[in-house]
Each structure stands twice: as structure tokens, then as C-alpha cells.
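Annotated features in Swiss-Prot:
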type	residues	note
DOMAIN	33-134	domain 'SRCR 1'
CARBOHYD	Asn199	N-linked glycosylation site
CARBOHYD	Asn630	N-linked glycosylation site
MOD_RES	Tyr675	2',4',5'-topaquinone
REGION	534-737	region 'Lysyl-oxidase like'
Amino acid sequence: MMWPQPPTFSLFLLLLLSQAPSSRPQSSGTKKLRLVGPTDRPEEGRLEVLHQGQWGTVCDDDFALQEATVACRQLGFESALTWAHSAKYGQGEGPIWLDNVRCLGTEKTLDQCGSNGWGVSDCRHSEDVGVVCHPRRQHGYHSEKVSNALGPQGRRLEEVRLKPILASAKRHSPVTEGAVEVRYDGHWRQVCDQGWTMNNSRVVCGMLGFPSQTSVNSHYYRKVWNLKMKDPKSRLNSLTKKNSFWIHRVDCLGTEPHLAKCQVQVAPGRGKLRPACPGGMHAVVSCVAGPHFRRQKPKPTRKESHAEELKVRLRSGAQVGEGRVEVLMNRQWGTVCDHRWNLISASVVCRQLGFGSAREALFGAQLGQGLGPIHLSEVRCRGYERTLGDCLALEGSQNGCQHANDAAVRCNIPDMGFQNKVRLAGGRNSEEGVVEVQVEVNGVPRWGTVCSDHWGLTEAMVTCRQLGLGFANFALKDTWYWQGTPEAKEVVMSGVRCSGTEMALQQCQRHGPVHCSHGPGRFSAGVACMNSAPDLVMNAQLVQETAYLEDRPLSMLYCAHEENCLSKSADHMDWPYGYRRLLRFSSQIYNLGRADFRPKAGRHSWIWHQCHRHYHSIEVFTHYDLLTLNGSKVAEGHKASFCLEDTNCPSGVQRRYACANFGEQGVAVGCWDTYRHDIDCQWVDITDVGPGDYIFQVVVNPTNDVAESDFSNNMIRCRCKYDGQRVWLHNCHTGDSYRANAELSLEQEQRLRNNLI
């Protein structure tokens, strides 16, 4: 509800005139629906429809399950469970748009059903209908976005920022303290502090990418306000006279992901007798930045132990603060089902990780499918929980969730100004070109190029992330065919080495004085970015189940020897007499990403191998290694990508890649490539290895030649016991699937890495 206002005063809202786009394709005549009610469940509530820019209700006359089914499907749910009459979810306001709705049950939208017509009704709001939908989302219903959070009259609040007041706050990024301003009609407007609460500050800070808020010195800011108001030439005095206090009052619960969800009272228009902010001043907010965005690292303190705290991480996101949600339970990482997944629960995840509130809650494995167990389903948060583990939830195995239903988030992050310090020039489109960066040279900002020495896919990934362009497709060292910016011809950065977790190239290691062996020009670094990427994952269980030993005669290993699939000691044997002891196994490599996995080299450069009569499209596709418990290699092998193809695909997905007849090579999204145990080079040569306990390791795409959304799951490891005659593999797992101490006990070393993505 809005606060009551005198009818003689005209009000105007700081709201966008355009409606937020729907998350599903709809025709221009399709009406938006929403569910409103006292519960925090997104799948149930009072049914409301948007018509002529105003939300209204639906009467329960003639309403039944088939009408509820049409409404639920339009809202993105699979079906309807039931419906409720007599305003069970509370009485609505405004018009009753529809009455005597009659559907066959096959309509795609509610406005395709029969009714009395728009606004033709003899009902009262005590007859408002409600629906309860099945919590499972339809395939293809992608996300709940902040832009879909409509305010009054179907409109939404615009952008928010903090205008720094203190001189010290103006010199640093991100800005964490200042006056709240909102953007309308191309101008920034102020917000009155009357009735301003910490709940309001929490919502504003969340929108700006900060997990929490803190109190401000209101007495100091009031003193500054009074001094500036006495100065007739001050900007503040001028703005006040122009009645720039657009929002007069805000009332938030603190759990809202956006100000559009708060109650807003809007200031009177210009020329009205009532002042916009009588006796008040602009609202001032102070936010607390997450650990990734603080200007100075906090001093080490004794942290309170939370033994039961549920650990959360994000995977496969293109940007900082986005990814598939994974939680650590029973010492193993697993995913979260998207049933009942919404912005409030997603915001708890974001804040737990040090980001702001969620700007998007994604459904249907939109950021790729995870591995292992599905730990949680039907997560229901109220918004103030410290961790996701404090929310109500079911076990993921209880309601038939699959990894196709993995939930993901996109969080609000602070504006660090990084995106303005890199650009691409000369490319065919905005997603490719020569990399130009801005650095300080003798205290003066200067644009220039990056030396391509040591330039690789990791550095390109950081660049694309900094630009907000997703993943890197190619890292280019030779860019003579792209014309850069004339004023940025000089090399200003060289020796760049990134770990992959940086938010900007400027955070990577690099030379002090620039040293580039090639000089500027054609050897400047370049990138080509893409919105989505593949994600290769090996079936660890199949490796464990199919491992065995074979003593293979040298007479049958000529081709394998030619392709370097045997240990070095094989070079000194008396061919064709003797044998090699081989640890053989089968492997399945799945593409769980959002784009096809294709060889980096074009087919014109594939190499023909006469012995096996096949083409190599990637020099090394996998590494097979046997390690001691301290990580030293005792045996190794490699497998060239002689045949990348879709061996099998899920039902309904067509195979796209096949090696026969010099066909295209690759692995399509959702498909997998199988290498049977009985083909050449599908082994590790352990002839020279003595009995003992070892670690068996397989790494896919080991040199990161082809871009992926997540490289951390490219490795599997198994415990291996070899007694000289037999071999046992057990505890096979993806490299990042267990928590650190479980890995330590298994391998005596910590291999887990969890970056910002």
C-alpha cells in the first residue's frame, strides 16, 4: 500500500515508462501475469493480470483447474496443482479485469481464453481467485530477473547510485558511502531521508553490489547539509529549490532485491505548495564492501568458528559474481535444484559470497550442468539468513530433480571502474580486436597495447571478463589484420601472467619496465570473446569400473610406439620381442556446457597419421598419469584427439559430429565422446612401475587450448593399488568435488581452488 496523500496534490513517480521485458517470448498482445500473496512461495498466490498499464485481479466465477493450468504455464511452471476461491490470498486492489474465464486447457496464455471481456465483471475483490502451480519450471523458462520486478502501475524504478560527499570517498573505487540518488529522464535525483531506515540502506547497498550496510554519522552530514544550504551558490541549494527530491519516502523490509519492491511515496511536483522534503535532507547510506572489493585487506582477526555453516561456491560463470550454485554437504560438492528458486534465495547466496543482492535467479541449468549429488531442492529463504544453510529446504533426491534443473545466480557487484580501462579495437565486431589498456605512465593515464609474449587463453579470459563480454574464444598473438587505435600504438604492458581469478588485466602480474621482444604492431595481443562456452567433464565412475591390466606384445604396438603412447624404456627393447604392461580403462567425456567443444585448429591444418589412418585435430587431448602419493609422476601417457565425435547424445538431441569420411570433429552440448578400453593409446604404460599405492590421474584439455566455462572439473583422480599382478582403482572423483581436507587425506596435497566465479 502507498501512504495516503491529499487529493489536491498531484504525484509523479520516479519510474520507467517502459515495462520490463518478459523472460519468455510473448506476442505484443499477450498480457503479463503475476502471483501476489502473503507467502514467500513464487508458485502460489492471488492471480493478477497487467492490462493498460495497470495490475488487476481475476474473479473466481467459473474458474477451475484448466484455467489455473493455463495461467501456471504462462507463468513458466509445468502445470497447476489447484486453485483457490474467495480471496484466499488476500483481496487485491484496482480493477477486476477478468470474469467468467473459460479455457480449454490448451491455450498458451490466459488472454486467449474466453471471458466477459476486459473490465466487464459483477464481482468484488472478496472473489479474487488464486492459483497453486507445480514448483517445477518449464524447460526453457530461464530466470527471474530484477528487471521483471514491476512496481506500481506495472512500471519499475530506475538506476541507483551513491553520490560521495566526503573528499576521501571521491578518490576511491568502489564508492561505499554517499547520498542516495536515482536516475529519471536522464537526470539524477535525490531521495529524502524522512523515515529512512537501515532496511532501506540494505536494499540500496544490495543493488550496488555490497552485502551489508552500516550506520552513518548523521550529525556530521546534517552539519554539512546546513552549511551548503546557507551558500546560495552551492549545487545542493540549487537542487533543493528545483525540488529535486523525487522520492519523498521509502519503506523497505530489507529483503527486497530491488527498490521496485519497496513501498514508495513520491514527492509533489514542481510548483506545489507542499515542500518535497520538509525539514529533511538527502538520504545518506554507508555500505560494507565484500572481501573481494575492499581497497585494503582487513587485518587478520580471530574468526568465530561456524562448524555447521554451509559452504557455497559459484561455478561456470562468465563474470565475477555469477555461476551455478554449488554447496558442500557430507564433504562433497553438489548442486541446488531450481524448484522454488527465486531472487530472495539467490540474494542470500550472493550476500554469503560477499556480493550484493541477486539481479537474476536462473533456472534449468542455464550456466551448465553440475556433477555429483543434488543436495538441496525447494529452497525457501526469507532474505535475512546469513547462509543458504539457514533457509528451509528439502533434500534434492526427494523430488526427482536432475542436473538439467541446476539453479544459478547473477549477483550485483560494485562498480570498480575496470571496464573503462580496457577496450578492443579493429575487430569485425565488438567482441574481438586488439587489446588496448589504460595504465599510468609517470603518473599520467595512457592508452596502449599489450605485448603478446606469454599471452594465452587465461589472460584472454580475464580480458573478456573485464569487458563484460563473457568467455574468451581465442587468444591471439598476431593481429596484423586488425587496425588498432592510432593514439594507442605504443606497448604499455608486457609479460602479462594471470592466474584466471583477476577481475582486470591491471591486477595480473606484469613487467615493471615494459620489455617486448617483438615490439608494437602486428604482434600486439588480441582476443575474440563469446557469450557461452563448452565444459568437458569425464565420467569418473566408468574409469573406476573398467580398469584392468594387459601384457601386450610389442608386435602389436608399432603404431602406438610411433604415436609416443609408450614409456621411454620401450625405445631400448628388442622389437618385436617382449611385451609392455598396460593399465587400460574406458573413458566418457561429457560436454555439460552451453556451447559445442570444437578443436582449436581448422580442418585444413589437421595432421594425417598413416599408421592408424586418422586425423589428429588436437595434438594432446588428454593426459593419463600415475603419480606417487606426493604427486611425482612415475608413468604417463597422452591421447591425441584423433577422433572427437558425438558417440552418444541424450534422447531428443541429434548427433552433430562424426569422424567418418573426414567429418567435422567436436562434442555437441549434452553429448559425450566415448573411448573404449580396447583402442590404441587408451592406457598408461606401467611396465617400469613397482608395486605400491599410487594416484591415477586423467586431465582433459590439459593445456587449456580450447576455452571452457570451467577448467576446475577437467581432472579426475583415483586411488590406485598395484601389487605387481593386479590393479585396483577406487575413490575416483572429479578434481574439485571434495572439500580440501578430504583431498589432503586422499592425496596429501591441496588441489582445490575456488575463485570469484
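Glycine too: its Cβ is placed from the backbone N, Cα and C atoms.
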(request) Within 10 Å of the Cβ of Tyr675 (2',4',5'-topaquinone), how many other Cβ atoms can you find? Include all protein chains, please. (result) 19
(request) For Asn199 (N-linked glycosylation site), name the DSSP secondary structure in the helix/strand/coil scheme. (result) helix
(request) Which residue among the glycosylation sites Asn199, Asn630 has the fewest other Cβ atoms within 10 Å of its Cβ, if you could check? (result) Asn630
(request) Express the distance between the Cα positions of Tyr675 (2',4',5'-topaquinone) and Asn630 (N-linked glycosylation site) as a whole number of Å. (result) 29
(message) Distance check, please: Cα of Asn630 (N-linked glycosylation site) against Cα of Asn199 (N-linked glycosylation site), rounded to an integer number of angstrom.
(response) 52
(request) Could you check what DSSP calls Tyr675 (2',4',5'-topaquinone) once collapsed to helix, strand or coil? (result) strand
(message) Restricting to the domain 'SRCR 1' (33-134), what is the model's mean pLDDT?
(response) 89
